[in-house]
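The feature Mg(2+) 1 binding site is assigned by TrEMBL to 70, 88, 91, 216. Summarising the annotation, TrEMBL assigns Mg(2+) 2 binding site to 90.
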Ligand code: IPD
Ligand code: CA
Ligand code: CA
Ligand code: CA
């Protein structure tokens, strides 16, 4: 078992406190206030409460760091550290609102755009994933590694579908076809942060999605990297906070998946 650093303790404490509210609300969904941000994009009182709790805890422990949060936006750092917390207080809101027990809290720390620590917590399964740059990635305190699979036919690939009416949909459906033809299968479980954590833990072998935001993936990216995996855009370009797509894998299958994802695009151009 690894000892957790002071930084990870701060992140874990914030996640733990917010998770208590989420678990309470998950047990009383009929009383929860819900509104829509887009055609299939929901936000509930549980998301907002969790975000507030996490912000308060992190600001108390590290005053001066900035924030990028899904529900309340950005706040620049005030201490010149160039550091900011990147937070998704409830990743998998749709699952949560349907009583599906698969959602997470995602907290990352960036320094001048570089992710230096990340934590993803699934309060229902009590799965805590964390990583620090240069130190490694851990699942419930034990070091984790990406899978060693290299034959696509043995691999399970996570993904997420673009929301209703989203322009990436036709392309995505072609990609699903190409990936299902060559792999052991696709999973669409509804929490991108957990999809990435599952690659780091060797459960999934790869994952791709279009249209995610930095708060969905920042913690997951460092989990995958520190567990020995590789993260890029779908076309192989380096990932950055504005990237339109993400492809993460155990490294062994990265270029094979990239080739499959490129295929549907060229197919679409054919008469
Ligand atoms: C969503 C989840 C889902 C992904 C969506 C995200 P939210 O985040 O990560 O897996 O497919 O694109 O928006 O809205 O539940 O935090
Ligand atoms: Ca959302
Ligand atoms: Ca999210
Ligand atoms: Ca969210």
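Counting begins at 1 with the first residue displayed.
Glycine is no exception: its Cβ is also placed from the backbone N, Cα and C atoms.
Cβ-based neighbour count (10 Å, all protein chains) for residue 216 (Mg(2+) 1 binding site) stands at 22.
The Cβ neighbour count for residue 90 (Mg(2+) 2 binding site), using a 10 Å radius over every protein chain in view, is 30. Most buried of the binding-site residues 70, 88, 91, judged by other Cβ atoms within 10 Å, is 88. Cα-Cα distance from residue 90 (Mg(2+) 2 binding site) to residue 216 (Mg(2+) 1 binding site): 10 Å (rounded to the nearest whole number). Same-chain neighbours of the Mg(2+) 1 site beyond 70, 88, 91, 216, judged by a C-beta within 8 angstroms of the site's C-beta center, are, in sequence order, 87, 89, 90, 106, 192, 193, 213, 215.
Classification of residue 70 (Mg(2+) 1 binding site) by DSSP places it in coil, neither helical nor stranded. Within the set of binding-site residues 70, 88, 90, 91, 216, 70, 88, 90, 91 have a CB atom less than 6 Å from some atom of ligand 4.
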